[in-house]
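Residues or ranges marked as compositional bias 'Basic and acidic residues' by TrEMBL: 1-23. Taken from TrEMBL, the feature domain 'Major facilitator superfamily (MFS) profile' covers 47-466. As annotated by TrEMBL, region 'Disordered' applies to 1-37. Per TrEMBL, transmembrane segment is recorded for 46-65, 85-105, 112-132, 138-159, 171-196, 202-222, 252-275, 295-318, 330-350, 356-385, 397-418, 438-462.
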């Protein structure tokens, strides 16, 4: 082979051609098939379903507690603030474990990390269901973040390595759909088991059993693909410090992460206190036809229905609109957040009205906010290179939990407890209701602010996606870094055929050459 770098082959190696047949490889105007990221095989579908199942049971566990929260508060004699702390406690272990999992997930066996983490989580969650005091229950709820930390950053990255383009968007929609389904089933199973057994402890024992099933599925059925497989990437891992610098300098990731904090803050507050708020409202107007369990059940159904339609509609809108408007994903998220706020406001001010009106308002508010789940995950995958996606996802989810759904329940509870003494009423129920209402009003400002951050993200989305696509597309002709030293040096350009950002940037004809290892290449200017 000619050693002139301008004459080196840019076709895919023989060993890679079958795996990359859905990608175009540019060669002086000629194109070759490359990449299997658009194909849905039984093996890839099974791996995706296992990851989705892990997500489902995690959020079932997370929202089992709100379904039994009044029982826990009454039996353990807790304040609203203490009740909110129990819902937020998982973030303690998540803060410790998630960064480690993000780092390891970009470098080592993701299947082993997920399996070990979920096994530990199953044990501590089951043990926590036997606790009968606030202090001991709090300790085990603090360990609840181990499960989510074990898969939440790795799972979407694996899906990104299996699929590309619209197929990836659909699989991510399925993954984030299970977030809402899990939340709804958590309400139902938690309150249902507590009602059936007469003990709130049983409401926390369903998910640990299901988690053990997921561990077995991961061990014997899950596939762990090479990082960047679907895109034909040959990038190598870099130091954690360089990964973090790269992420912080990515405007799309930073802005979408800040906006996502508002999403999780809102959803966390409504999930933790929504059923309790509606139940108190029914008591004020002497409506005894609905128990707290009845309201929790309907809230669960509303959450599932709005999640199903919201996630699917958001994903479909993104797939259709991004072809003509490459920044459509962020715009859809921003508009959805801003449109959701008036319906949440209506739910609060009309909470003493007809119950069906409350449920309709809750559905519409959640539908608008649920438009963004799959789109945010998609944004992360296409603006971040494959070898840094687990770290990016761990970072995003970590800050969303710390400042979002882990903070909002106890912040609302804290505001409620602070305002309650100022409410002039002889009715304890009315004082509880009004103080909780004031606490929930705080989420409206956060939600609108999050919508504007999504809109700001749209300004940078196209350029950040083009940079990531370019970095993946251009393999470095240093054989010691990319391939076996005995193989001929080649330049490989893998560009998704349907990537609007790539087409707009002319990446199919662009070849950037560097003799430096990838961790020394300035990806900002790649």
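Cβ from N, Cα, C; glycine included.
Those TrEMBL annotations? Automatic predictions, nothing curated.
Count of Cβ pairs under 8 Å against the transmembrane segment (295-318): among 46-65, 138-159, 252-275, 356-385, 438-462, the largest is for 356-385. Sequence-distant contacts of the transmembrane segment (330-350) (same chain, at least 6 residues past either end, Cβ-Cβ under 8 Å): 252, 255-256, 259, 262-263, 266, 270, 314, 317-318, 321, 357-358, 361-362, 364-372, 375-376, 379, 437, 440-441, 443-444, 447-448, 450-455, 457-458, 461.
Contact between the transmembrane segment (171-196) and the transmembrane segment (438-462) does not hold: fewer than three of their C-beta pairs are under 8 Å, each pair 6 or more apart in sequence. Over the domain 'Major facilitator superfamily (MFS) profile' (47-466) the predicted model carries a mean pLDDT of 89.
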